[in-house]
Every structure is written in C-alpha cells, then in structure tokens.
C-alpha cells in the first residue's frame with residue numbers, strides 16, 4: 001500500500017475513532033447519567049411518606065448526632081435517610097429546656113433548645129391555611145407551614161439543601177413560659193383567652209403579637225445546622241431593592257447574567273447553577289424574598305447555596321411572580337439533573353408527591369389545595385422557559401452536566 005493511501009486510511013480511522021468517542025461513548029455516559037437520575041427519582045418517590053417513629057434500633061446515637069453527621073458541603077441530608085422519621089419525631093416531641101428570642105432578623109421567631117441540647121427555630125402560626133396574602137410577592141408575616149412545605153419540596157427536587165423542618169404544637173403556658181428567658185418572657189401577653197407573644201425582631205411590635213388558641217400554639221421547628229459548619233452570608237445577585245421606583249440592575253439589563261458570570265464566585269464552580277436551582281425552587285413556592293443567601297464559610301464557591309428561611313412562600317396561589325425566574329431566563333442554563341427531575345414531575349406528579357410527603361406532619365394538612373394546584377402550573381411555566389432557551393441556544397448550551405460528588409465521611 002502506498003504511503004498516500006496509508007495516510008488516507010489512518011485519517012479515516014482517526015475520524016471514526018473521534019466519532020465513536022464523541023457521539024457514542026459520550027452518549028452512553030449521558031444515557032447512564034439519565035438512567036441514574038430516573039432511578040434516583042423512583043427511590044425518592046418510594047420513600048416520600050415518612051412515619052414519625054422514635055425508634056433507632058440499629059444505633060446508640062441520638063437523633064441529633066445522626067442529623068449532624070449528615071451535613072457535608074453539598075447537602076444537608078443524604079438521599080437515603082432511614083432515620084429521618086426518628087429525627088423529625090424528636091424535633092416535634094422532645095422536651096423544651098430553654099426558650100429565647102430568635103436570632104436577629106425581620107420576622108418573629110423563637111430559639112428553642114430541646115432535650116439533648118439541640119437548637120431549633122420555632123416560627124408561630126400567623127395565618128389560616130386559606131388566607132391569601134395580598135400585595136407585593138414578599139408581603140405579609142412569615143408562614144410557618146411554608147417552611148414545612150419547602151423542606152419537603154427540597155426532598156422531592158433532590159436538592160437536599162434545606163434544613164429539616166417539621167410542624168409542632170406547643171403549650172405556651174406549660175412548655176415555654178417556665179423555661180423562657182426574661183427577654184422573651186417580657187413579650188408575653190394575654191389577648192382575650194389566648195396567650196400571645198411578640199418577641200424581638202426588626203418588625204416585631206407589641207401591637208402585632210402571635211397568639212395561640214388558648215395556650216396551644218401551632219408552629220414549625222427548623223433544625224439548627226451544626227456549629228462546626230459556620231455560615232457565610234452573601235448578597236443575592238438577583239436581589240430586589242425593596243424601594244419603590246428603584247430597579248435593581250437585573251430588572252432592566254438584559255445582559256446582566258454576562259456580568260454575573262465574570263464575578264466571583266459565579267465565574268467558576270457550581271454556585272451559578274445553585275442560584276438557578278434556587279430560582280426554580282423559589283418560583284415554585286412563590287418566594288420573592290431571597291435578597292441574601294448563605295453558604296458554608298471559606299468555601300471559595302464550592303459549597304452549596306443553603307435553602308434557609310423559606311417562610312415568605314405560599315402566600316398567594318393566584319400570583320405567579322415570573323421575575324423570580326430571572327436567573328434561569330437570563331442565563332439560559334440549567335443542570336441536566338435538575339431538568340430531568342422537573343420533567344419526571346410533570347402531569348400532576350409534583351402535587352401528588354408533595355401531598356404525600358407532607359401527609360405525616362403533625363400540622364397536616366400543611367397546604368390548601370389551591371397552593372398544591374399552583375405548583376403544577378408553575379412547573380409548566382418553568383419547563384416552557386427552558387424550552388424557549390433550548391430553542392434559542394440549543395440543548396448542548398442550555399443543559400449543563402454538573403454532578404458533584406457528595407461524600408459522607
């Protein structure tokens with residue numbers, strides 16, 4: 001065979017090899033990843049209903065020790081959590097040994113210490129399930145049931161970035177007042193036959209207390225993250241100004257995402273994709289109030305965006321605040337795993353899954369039916385937004401493969 005023929009043959013073989021690598025092997029890898037996404041979805045669906053059971057027969061550890069060991073840089077709890085029911089049960093039943101005013105913030109809450117030394121944040125009921133919060137999308141008091149619903153939506157979406165939350169009824173007279181600090185106790189009052197308190201916060205007012213039904217107050221308790229994982233606060237790049245007539249740059253600059261991509265920590269690592277995951281999460285729950293967010297300290301952009309403080313959600317099922325999705329429709333990128341999970345939740349699966357996941361909770365029903373219906377409608381809007389992006393830029397640009405290793409050591 002002549003040299004020229006050999007060169008041509010080698011070139012053809014090289015082209016075939018490259019074609020095989022790019023179009024076959026890579027597609028096999030993608031298919032394998034998609035199959036794993038589907039398996040993970042089915043595992044999640046099979047474990048949705050969590051019985052609040054105090055038994056931990058296979059370990060001598062306390063529920064608090066187990067939950068603390070779950071936390072790693074990229075998730076608050078693992079995919080498979082057979083002990084989840086025991087931890088939630090402890091959160092809703094363990095004796096309260098101390099009660100204090102909540103940590104600094106704008107909304108009323110109390111900091112409780114449960115038997116065994118575990119800190120939880122208690123948010124009291126302010127509205128009935130059917131109450132519609134009118135006005136701006138971030139208007140109104142915190143909604144305790146929204147914290148419960150948001151935690152279970154986090155499970156369903158496979159993010160696992162929200163601290164554990166469960167509903168709890170507390171007797172303010174017998175469980176809280178005897179162990180309350182003077183600062184908290186000084187905010188208690190009686191209104192009619194109901195025990196009330198107004199706490200200490202930016203918007204806390206003596207004229208606007210939270211009141212129990214008699215002495216029994218419904219609320220949510222959020223598990224405090226372990227102190228060995230200190231938090232760092234960041235301004236959200238798509239945060240609102242909260243000033244009438246003053247727009248944030250993202251609200252008028254169509255190329256805003258390009259500027260974000262050039263700034264740390266959004267210029268590398270997973271943080272920008274976390275922002276987009278969070279926008280999807282917030283749009284589904286109707287939360288337009290994420291002006292800041294937290295990650296673990298000194299993470300250099302590698303740790304997750306932690307889904308804290310989700311109580312400004314589920315206020316108005318008829319309001320779909322599309323601006324919450326700005327990171328998605330301005331950047332036009334989304335994780336493949338997120339896209340797959342959203343696709344699996346079409347056709348009523350999301351509403352059904354969340355209803356099942358919340359059915360065990362002590363304050364069930366957690367959401368009214370209009371809020372559950374709104375979730376399915378908002379999901380369709382998200383899927384349509386991604387389709388607009390893929391039609392414009394192509395799926396290879398929009399769908400980003402970014403699977404982070406989540407080790408539990």
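Numbers here mean position along the shown chain, with the first residue as 1.
Including glycine, each Cβ sits where the backbone N, Cα and C put it.
All annotation found in TrEMBL is predicted automatically rather than curated by experts.
Owing to the predicted nature of the structure, the values given are computational and were not obtained by experimental measurement.
Record features (TrEMBL):
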- 107, 123, 222, 223, 224, 225, 294, 309: ATP binding site (BINDING)
- 142, 309: Mn(2+) binding site (BINDING)
- 188-397: domain 'FAM20 C-terminal' (DOMAIN)
- 289: active site (ACT_SITE)
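Overlay of TrEMBL annotations on the structure.
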{"residue": "107", "record": "ATP binding site", "Cβ contacts under 8 Å, 6 or more apart": "123, 141, 142, 201, 203, 311"}
{"residue": "222", "record": "ATP binding site", "Cβ contacts under 8 Å, 6 or more apart": "120, 121, 123, 147, 163, 164, 165"}
{"residue": "223", "record": "ATP binding site", "Cβ contacts under 8 Å, 6 or more apart": "67, 87, 91, 118, 120, 163, 164, 165"}
{"residue": "224", "record": "ATP binding site", "Cβ contacts under 8 Å, 6 or more apart": "118, 119, 120, 121, 163"}
{"residue": "225", "record": "ATP binding site", "Cβ contacts under 8 Å, 6 or more apart": "71, 76, 163, 231, 306"}
{"residue": "289", "record": "active site", "Cβ contacts under 8 Å, 6 or more apart": "137, 138, 312"}
{"residue": "294", "record": "ATP binding site", "Cβ contacts under 8 Å, 6 or more apart": "231, 232, 233, 234, 305, 306, 308"}
{"residue": "309", "record": "ATP binding site", "Cβ contacts under 8 Å, 6 or more apart": "105"}
For residue 142 (Mn(2+) binding site), the number of other Cβ atoms found within 10 Å of its own Cβ: 26
ATP binding residues 107, 123, 222, 223, 224, 225, 294, 309: largest Cα-Cα distance, in Å and rounded to whole number: 19
